[in-house]
């Protein structure tokens with residue numbers, strides 16, 4: 001809808017070197033996310049992939065400053081540049097400040113994993129969407145409701161006018177998630193963060209929701225930060241992909257690049273764990289990644305993947321690998337890529 | 001979807017070298033609650049006082065002396081500074097002198113600090129039977145000179161020693177709490193057990209009755225029942241009647257707990273397994289189910305005691321519970337009903353303090369037990 | 001919703017029937033029937049006993065007839081507004097009690113409102129600022145509030161006010177206003193007296209409500225819909241008040257159902273201590289003088305009011321919780 005400004009010198013959202021730590025009264029701080037760099041541009045989708053607990057949700061919530069009280073962004077910047085406006089460092093804002101609240105829902109909005117528990121069970125769908133619209137735009141309740149109805153229609157909810165007066169528990173999971181999406185889009189945000197929006201849905205509904213998101217993205221021209229652990233979903237929706245492991249972004253790049261030629265051992269292992277369609281005789285055993293994810297407390301100083309990496313060598317446990325350019329807009333953090341050329345060959 | 005709190009029975013860890021009984025396990029968990037543990041000791045101390053009432057009380061609770069109406073508390077002193085600056089050691093109480101209140105023109109007692117009556121421990125006394133059984137003739141403490149007043153906590157209208165009455169009242173009030181709960185527990189286990197084990201119409205009938213009783217305001221009901229007691233009943237008869245009246249309503253909560261445990265256990269696999277093995281109903285209930293919920297029952301019963309004590313106190317306070325010759329916290333508080341009396345003799349509120357402390361401790365103790373019995377619950 | 005209310009209403013009628021049975025049983029408990037006591041009391045005052053009056057009363061109450069017949073006569077009488085005769089006061093029971101029941105209802109209603117007004121902000125504060133100083137104070141205060149029996153609390157308050165300010169608190173009106181008609185100054189006088197018993201009555205319930213509200217709210221604050229509300233850009237106070245507090249209220253409303261019996265119980269004894277012109281002191285007096293029809297009527301009415309209050313709280317719950325209103329769960 002909104003024509004893209006040709007000056008693409010500044011990306012919409014630039015997460016630079018962000019570290020997020022959780023404090024607790026009787027234990028040492030836990031660094032859930034360390035050194036994350038991500039870049040989002042308008043109209044594009046970045047998928048954040050990783051196992052549960054790797055810090056992808058925490059990263060996404062940090063963008064909206066929705067982290068719990070005991071979490072803090074201890075380093076780095078989150079630079080947000082809405083089209084035609086000044087850049088703000090979200091990381092430096094107070095989480096309940098006026099300027100942060102003006103961004104939430106209005107410029108950046110979010111869809112959550114559980115459409116049931118993420119909507120208030122005692123308010124109607126319409127109420128909850130109206131509230132968002134009236135909060136950010138100077139509209140009368142009637143006008144807001146008109147917008148709500150057209151939004152519900154747009155996300156493919158049949159009978160939107162009547163459905164606006166229903167409660168979440170009266171809708172199916174798919175419809176609920178559509179309502180959630182309608183709410184997120186209510187103020188035509190520049191960036192939509194989707195935190196595993198399809199995980200709680202069954203497979204056919206999943207596909208419909210993904211199609212809907214893709215279509216809406218085309219219509220609205222917004223950027224999307226899509227969080228998932230499902231590589232199938234990544235292949236479906238992503239333009240770019242960032243792979244996270246235990247608080248680190250280990251590899252990032254164009255989705256085709258990364259899928260075709262993963263350069264980090266973890267990404268490679270992930271790719272190998274996707275089942276492929278084959279006749280029974282040709283089927284191969286999946287090779288799961290050996291070992292289990294250590295807790296953030298036991299993470300080595302260097303590369304987080306050291307304990308499970310088949311190629312680990314001397315510098316891995318102690319030295320943090322640098323971001324290394326391995327292709328057009330394709331970076332990875334692995335010592336193999338910088339230090340040991342022979343092994344790098346072998347990896348490639 | 002809200003995650004249901006898991007309410008599974010405690011399973012013993014197989015690796016534990018010594019197999020602990022339910023009670024031992026519960027005790028281990030209970031000890032972790034500091035407040036509950038302290039409360040347990042306080043409650044235990046109160047019960048010890050109740051048990052040893054005759055030995056601890058310096059005077060007979062009924063012994064009166066018109067000379068010392070509303071005598072203020074003497075306290076118990078262990079050392080004092082003499083006029084010449086030297087120190088006096090050894091327990092004593094001060095004597096009284098009378099003053100005429102210039103405003104009310106009344107005779108009032110004032111502590112006379114110049115007079116010291118020595119107090120000794122383990123003094124000879126009139127022979128009595130401890131707890132009605134053991135013959136003894138020694139009291140914990142008393143005055144050595146004859147005919148000296150000893151009112152550590154003050155005296156009431158008839159010049160009776162409040163401390164002695166409080167100690168004897170403790171016996172009645174605490175025992176009525178226990179007796180009431182025991183009786184309630186009996187009804188609760190039988191009725192709740194049958195309802196929970198057999199289910200069906202009997203269960204729903206019982207539950208309706210329980211709901212009905214719980215929806216009624218209790219004090220008016222208790223009052224109504226207590227008022228129906230014939231006035232000429234003996235002390236013992238009233239005591240038991242009050243116990244029965246209290247448990248008429250008290251059984252409902254315990255029946256609910258028992259039934260709930262039975263219902264949840266009935267569908268457990270190990271019960272089904274026992275049934276498949278051909279165990280008799282009696283065996284299943286006593287060997288498999290009861291051991292699994294004794295801890296819950298103990299906790300629920302403990303939490304029911306303060307309610308009983310409170311109910312007895314309230315009834316007696318209103319004059320419809322225990323009657324005059326019997327001394328309980330409630331009957332003692334009856335003397336404190338008049339505000340003007342209270343203003344001259346505020347120590348009459350001491351039984352109220354006991355009520356509050358015991359109730360508070362029983363609540364903490366019971367909460368601790370409940371947490372220990374059900375580590376998965378909240 | 002209609003079906004829900006209807007079902008509840010039927011259940012309530014059954015309960016009321018049972019209540020009346022219990023009340024009648026209490027009337028019947030003391031040895032001897034009431035006419036014997038009545039005649040005794042008349043004779044004690046040296047009044048002439050007219051045998052025709054006695055025979056009339058015997059007919060009216062079905063004395064000497066089977067228990068159930070007597071009950072039925074009493075019960076149908078009540079349905080027509082005839083609660084029987086008080087033989088201590090020699091007047092119809094209804095005349096004696098309606099004003100007092102009214103004050104009971106007023107004081108208890110005010111106590112319920114006070115409970116909510118006090119418990120709500122404190123409970124929300126204690127949950128939102130978990131483990132803060134205020135939270136600890138609220139918890140400690142709650143425990144003490146639960147442990148102090150309310151009649152003792154009333155006694156202590158009266159004692160303190162007498163010692164510190166030299167005045168007795170008690171009653172609901174100053175002497176000058178006792179029998180006056182309702183007017184603004186009388187209402188003001190009433191409020192000046194009533195707040196103390198209301199506060200005393202509300203303590204235990206308030207403590208309980210704070211405890212429940214805090215626990216509920218702590219659960220609700222962790223729910224994802226709170227994050228959703230924050231992600232909309234709502235200010236924090238609005239997020240908390242509109243969503244989790246609203247949700248935590250649901251289970252709280254249902255607690256009225258069992259707070260009410262305790263409240264009515266408490267009001268009887270507090271009224272005696274504070275000498276309020278409510279049903280409590282009259283109940284006590286009628287029981288000590290074995291004025292059983294009066295006592296039975298008061299017990300019946302207090303129980304009926306409790307049951308009706310519970311029904312109202314049930315309906316309220318259904319009304320504020322759409323999940324019950326629309327029959328889900």
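Cβ coordinates are placed from backbone N, Cα and C, and glycine is handled just like the others.
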From C:62-87, C:140-165, C:166-191, the residue range that TrEMBL assigns the feature transmembrane segment: C:140-165
Given ranges C:230-251, C:252-273, the stretch to which TrEMBL attaches the annotation transmembrane segment: C:252-273
C:17-44, C:101-128 - the one TrEMBL records as transmembrane segment: C:101-128
Leading contact stretch, C:140-165, C:194-213, C:252-273, C:293-320 vs the transmembrane segment (C:101-128) - CB distance under 8 Å: C:194-213
For the transmembrane segment (C:140-165), distant same-chain residues with Cβ under 8 A (at least six beyond the ends): 196-197, 200-201, 203-204, 206-208, 210-211, 266, 269-270, 272-274
